[in-house]
Amino acid sequence: MKIGTPLSPSALRVMLLGAGELGKEVIIALQRLGVEVIAVDRYENAPGHQVAHRAHVISMTDGAALRQLVEQEKPHLIVPEIEAIATDMLVEIEAAGLAEVIPTARAAKLTMNREGIRRLAAEELGLPTSPYKFADSLAELQAAIDGGIGYPCIVKPTMSSSGKGQSLLRGPDDVQKAWDYAASGGRVNQGRVIVEGFIDFDYEITLLTVRARDTAGEVVTHFCEPIGHVQVGGDYVESWQPQAMSPAALQRAQEIAAAVTGNLGGRGLFGVELFVKGDMVWFSEVSPRPHDTGLVTLCSQRFSEFELHARAILGLPVDTALREAGASAVIYGGMEEKGIAFAGLEEALAVPRSDLRLFGKPESFKKRRMGVAVANGESTDQARERAKLAASKVRPTRT
């Protein structure tokens, strides 16, 4: 493996499709390894735009615009960091030999919506999941619930991110509202939802799974320690590592994650979401990229999920070792405003073993994730207390 010099004829060029806070960290990790990075997003001054060598603003669901940009920039690798991408065009780009898609164009296409990956996991691989059906109309949704899914259940757009459009239904009175909310929350392909039966789980985890080359050049699967997390409305608000699990549950979680990521193939880090009850484990979702709950790895592992993704992408060896217990807590914008400021940083960073990441998003919304606090501790409980305390000290303000 050779890496050249950025901004020179020898440069290794990587294009990130999606330049949010997770993409920003991947860009920084790639640049530390001498890679020339092109960041692409749908709006100007996205977090990753602020640190990349070059930045572009396009609609990534526009296949023609995407191909034109790839032909212009000539990246060696394309790294999708979001779901809303013209994945059919990625398949064409890869088939034409214009660039290698990470982990593969097929993986990007399958995981761009919940239908593709759920059918792969449950119907092709036979992995345990919640009971589910897909619906294209309010009537189909009601029929799916009445036909066996039952209440309580969860309705999600087949394509959305960060919990957008997701609802918990406790009875018939919730169906219309959930359908309307899902239609407004989906990124594309609006009007199709997945309805899932509720699993009585003890906790949910993200198992960061890395497919990387070893010193012999073979792709090997590695696992990080499990990450526990709390979600509100489908959106992560805090995470911690490690999450205590029984040996049997951990082994089953790793088996499920290996089966899914092995089928998707390629190189890179995958965020595999799982439900756990005792020794039983159910597959929920997978993202072929760093996961928001994995922000905790900025303080808990020797190499963060972003550094692991960068190394795996480049065909380099990885080390998934846990360094010490850590936790993360989200900092919300709290207001509808452009160009907000943040106060209370002195108090936040006075919390023992704490650190902050302010993402630099150009516009704040009340529940938009604008930053994260991370902290270490003697235990995950202590780390969680510190991370939440540090996050609570940060006060978004109008300038």
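Cβ coordinates come from backbone N, Cα and C, glycine included.
It should be emphasised that the depicted structure is a prediction, and the values quoted were computed from it without experimental measurement.
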Fill in the blank from the handout: Among Lys74, Lys361, the candidate listed by Swiss-Prot alongside Glu21, Leu22, Glu81, Asp292, Arg368, Arg369 for N(1)-(5-phospho-beta-D-ribosyl)glycinamide is Lys361
Handout entry: Residues flagged as region 'Disordered' in Swiss-Prot, choosing from 40-69, 370-399
Key = 370-399
Exercise for the section: Across all the protein chains here, work out how many other Cβ atoms are within 10 Å of the Cβ of Arg369 (N(1)-(5-phospho-beta-D-ribosyl)glycinamide binding site). Expected result: 20
Completion exercise
Comparing the Cα of Arg368 (N(1)-(5-phospho-beta-D-ribosyl)glycinamide binding site) with the Cα atoms of the binding-site residues Arg114, Gly165, Glu196, the shortest distance belongs to Gly165
Fill in the blank from the handout: Close in space but at least six residues away in sequence, with Cβ under 8 Å from that of Glu21 (N(1)-(5-phospho-beta-D-ribosyl)glycinamide binding site), the same-chain residues are Pro47, Arg357, Phe359, Lys361, Arg369, Val372
Fill in the blank from the handout: Spatial neighbours of Glu204 (ATP binding site) among the binding-site residues Leu22, Glu81, Glu273, Glu285, Asp292, using Cα within 10 Å, are Glu273
Handout entry: Assigned conformation of Glu196 (ATP binding site) - DSSP reduced to three states
Key = strand
Practice task
Tell me the Cβ contacts of Glu273 (Mg(2+) binding site) under 8 Å, same chain only and six or more apart in sequence, or just say none.
Solution key: Glu204, Ile205, Thr206, Phe283, Ser284, Glu285, Val286, His291
Practice task
Give the residue from the binding-site residues Glu81, Asp292 that has the most other Cβ atoms within 10 Å of its Cβ, counting over every protein chain displayed.
Solution key: Glu81
